[in-house]
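One structure is given here, and the rest of the page talks about it.
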């Protein structure tokens, strides 16, 4: 943690000056340098009215346009959100949703979405879960990165308890995250024409290439007495199981979206989209919502007005502050150096 | 060599009255061989089996704290004694268990780093001591090798029993038994500066039995002897032992013991036997570790750390409760269903088991404590240490605190107290050697009733100012007295009437001659003639003594040789007008001691006349004058009083001719008394000398100035303007002390002096009667009454709101009573109400007691400054001890925290370095807590969104490197380089110093303000990042936000904000600041890239997170920018408003500098003056007072002088 070279050289100089073995005529006079005498040329900024007002003005001048641009970007995004967790349960079963979802009944469900505006491809399909703690520590830790990466590490399942092995054989991929893989499926069609949802390229490239092995195949997955979520095709290597890869990158917050696939055709305003979905995933136990989301993107990402509004607000506040300070400086010019309020003058006797 | 031969015949012990006495410890010697007295030394046979068996320690001395072997365990132990380090060690240990929220390496590595840095610092410091040890241990000394031959040997190889020969001006390598010296009677002179700080020489004398046979190297061939003596102990003033030699048992005392680290002076050589070596020597037994002092700020910082511990535990507790509840909710419900089934709560281990939710929450508590450990800045201590060391380097290298004359730079011996230097409320100063130079200068004399000497003392100058009330006089005096030019040390006398031989033309030339002769003869100094130039210099027991001989020399009475029974000097013969050499036979020396207060010599002059020459204090001398010797008594008394007023030390010179018979009688009695072994031997001698020293004839008086050090009045004035109170604690007489007080402006005419002493007739009468209890009772009552009266005056003055200043002057005897438990409160009350306090005649113990009283009574920081061994207690007691590395030896410096060469450097040390260090350290600590709270609260907030499962928001390494990498250098740069106000303005506005005294920059208000700022920043970072990166798409490729992206973004904001906050907070930007601040931000991005490029098994979720996810996403950059500015706006607004409308004092000065008002004298004066209660001490105050006074009618001078 050497504070940087100059100070250590100063220390060395000091050490030299106290060296007792140095001959007497070797003066202990400290060497003069601007550095050791603490006289380095320095900028000594001071918050003058000019600086304060111009700082606020500059911030507002930058922030307001940025806010406008961000807001426009967010407004350009077309987003269709459809909550289906309750709707997809037959009214008769709604009293006990958990029993329904855990039952053996047919879970397929049809939803109809209307496109409100032109949507340019690529249109991204997401599922959104709420009140699902993918960031719970027990959950986050319950995976084995090395096992996912290479076959020879498939026995490294220590972190995966209780989803670690099946009958003494390691589960690949092990752990709670993989075990609870989301398993609702969506089949989209427009005007009775199937709408292709491309499920390739939905995962981060680095995950596909470096974290999930090309020759690691699912083993003993979902063989336990309780099935968690989706099953995996044991023929396909993990690096190709993009749904799993997406799911395994745990969300930051209890409400999250995960990419399901891409629609690579434009959708037009007024189009109705039929969604045939398999409502398999149990969010009912913990009263979690499930939503299907179709969204385009802008340069900034998805639909989120927050950033634009925030920029505008802060830009505005800074503008107001600039005005306020101008007024204050004009109205209340204070004779500087009036020391009557210095704290030690207020104490009687000064002690 | 001839000179050496000449010396060998000297039998000095015969002419000294009190020295060379026989040991009178007979009763102690019976204990030899018993417990505590078991040491046996076989002289001259260190390698004999008998002494081998004893196996005494060698002479190797180690002052280092560690050895190579003990360094690791011992310094580790030292490190973990710190509560914060221990905490992190526990955290590190816990991180090895499965309850850890992060990987153990990431928490142990920073700890290891921090500890390693501290240990390296320790090692470097210890290495410095080691080098010193090596130097000392390898010094050479001549050791007898058995055949009468002495050869060079390193100190460390000395063994108990070795015979060594030490030459002039060499240090003694161990405690030696003096066997013989170059003087026939085996005396030698020893300088004990390193032991007790006294510069005067002490006489030691070997036993006659040894000295009579041992003269040469070869005499030691056959020497045998066994010394039985006490075990090693720390008492410097006693030694008990016996020498068994050839059937004789000879008692040994401290008179025969030469102590290690003292120096042989004025003696060609001595032979000695090694008795104690190495760590057994008395000086090393004596060395105690100085009390370790901690600064107020650090103690407060500890409190903050405890508060932070409290906060951590509270947050963990809250988290654990919530976690416990949520975990219990996960219980298996009826029908085998579980709520958060994806966590498999039915199959959970203890940490997450809903059925054992209580235990789970207990475990969680520990996990959370680990998670929040970032609240406690792990690098705080080490950063502060580094900063303080660098600050000390700056202090040591300050060219303006370097004293050319004796080549001494300032030296911060401990770096612990730098910031304390900026908070000093009261300075307790020694007088002699601190305020004054302790170089005595002969400046005036009064001979035969005529005053000579035109030199003007510092005090006279100030007195002239006093009576005229104008500075003009002072300036004129400055013109008159040109103090520059070549000067003779100890002599500052100017008077053409007596200089250059002109004295012969004076009316009283005969008296003048006697006077000068007395100066040349009556002393114990030893001349040294420079062989090359023939110039004579003197070694004297005290600087006064030297001044007299030098003065005599300058008057033309050059004392140049001292032999066993003669004193030779050159003088001008009155009759012939030529320089002649005269030799006086020296018969007896009746030495000076504090009880006698006089010294005399009895000599026989060349005409065979017997003379008693005597000099002494006025009160003892005047009463010893003969009826016919009081010729000039009146004038002399007058002059002596004048001299005393001028702050000079006076001595009366007198003589008488002694009748031959009387001397024979005296000599007989005297020798008898000297050789007696009875207990009342000393009083017997006293009585005999007393009878001799009477019926004297007055010659005149001398005046010696104890000169004020350069710049002392200026410095005191500045310190007073800075609002620092200055107390003078001196061992001097009250008059001298008051005079010095006037000279350095601590006292001035308008001040009411409250004098407390016990010189009342009533008490004197009691003392005569000698009733101890009665004296004590009366004294106590008197002191209390005087204090109460003083207090009443103070209250009266403060209620009438007049700006009267008071000075308290108290003497040592009164102080004894004032410091008693029952009254010390009263005393302190009175003293703190006074502008100046002077304690005279105070003992070292009292000095320390007063210091403790001020320290604990007022609760403010005290600084003690002193130069002598008598100040050691005071220096160690005070919050800061400053030693003057002047002439009085090293004792004070060795026990001080900071050593400076001159009192006046105190000004720069306090006003500039003190203020800087204080403002730096306090800003630094505030900032430290700010950044860690910011960091910790974001972690807490995120955890709240993971249902308190102790999931950290950031990657393990981000978490642990925050303190060490991304925020450490700027804060160190702040601590080392920041200057709120430049040195020039520190001087110009001394009042700035009050910021430290009142602790404004480290008040709870400011600390909590910063903490609040931290909490706000954390809230801004977390919620803004969370909102802007909500569940929606994150980049144009439709990817969404994962934990690593939120964490990375928050962390980026964090690094930017804490560094920008630093940039906003400091007021001094050099290239260093630019490098470290922007470098830290850059380092974060670089780290992110490098770390992200490492194999995913190591970088885990940070793998390629910057390259792939963060950097290409505009929303990442926009979020960073926005959060960054948003979080800083409140501070910016606050600072703008405060700077403009409520500036602190340093900010006002910044404005003054900025607006160029510093050239507007009126404005500057306004800021400087109006801003505090009027200064009451220092010459500025005096000038102001004199202006006030001239406006009013002239008050009588003595009206203000109130003596009780």
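Numbers run from 1 along the shown chain.
Cβ coordinates come from backbone N, Cα and C, glycine included.
Quantities reported herein were computed from a predicted structural model and do not represent experimental measurements.
It is B:928-945, from the ranges B:910-927, B:928-945, B:982-999, that TrEMBL records as transmembrane segment. As a quick check, the transmembrane segment (B:1007-1025) and the transmembrane segment (B:1114-1134) clear the bar of 3 or more Cβ pairs under 8 A, pairs 6 or more apart, so the two touch.
Non-local neighbours of the transmembrane segment (B:957-977) in the same chain are 102, 106-107, 109-110, 113-114, 374, 377-379, 383-384, 386-388, 390-391, 394, 920-921, 923-924, 927-928, 931-932, 935, 939, 1047, 1051, 1054-1055, 1058-1059, 1062, 1065-1066, 1068, 1070, 1072-1073, 1076-1077, 1079-1081, 1083-1084, 1087, 1091, 1102; each lies 6+ residues outside the stretch with a CB under 8 Å from one of its CB atoms. Assigned with DSSP, the residues of the domain 'P-type ATPase N-terminal' (B:41-107) fall into helix, strand and coil as follows: 32 helix, 3 strand, 32 coil. The list of residues near the transmembrane segment (B:928-945) in space but at least 6 beyond its ends in sequence, with Cβ under 8 angstroms from a Cβ of it, reads 304, 308, 312, 315, 319, 322, 368, 371-372, 374-377, 380, 383, 951-954, 959, 962-963, 967, 971, 1007, 1010-1011, 1013-1015, 1017-1019, 1021-1023, 1026, 1046, 1050, 1054, 1057-1058, 1061. Cβ atoms under 8 Å from those of the transmembrane segment (B:1045-1068) belong to residues 923, 927, 930-931, 934-935, 938, 942, 953-955, 958, 962, 966-967, 970-971, 974, 977-980, 1013, 1017, 1021-1022, 1024-1026, 1029, 1034, 1077-1078, 1080-1081, 1084, 1088, 1102, 1105-1106, 1109-1110, 1116, 1119-1120, 1123-1124, 1127-1128, 1131-1132, 1135, 1150 of the same chain, restricted to positions at least 6 beyond its ends. On the 0 to 100 pLDDT scale, the model's mean across the domain 'P-type ATPase C-terminal' (B:893-1143) is 90.
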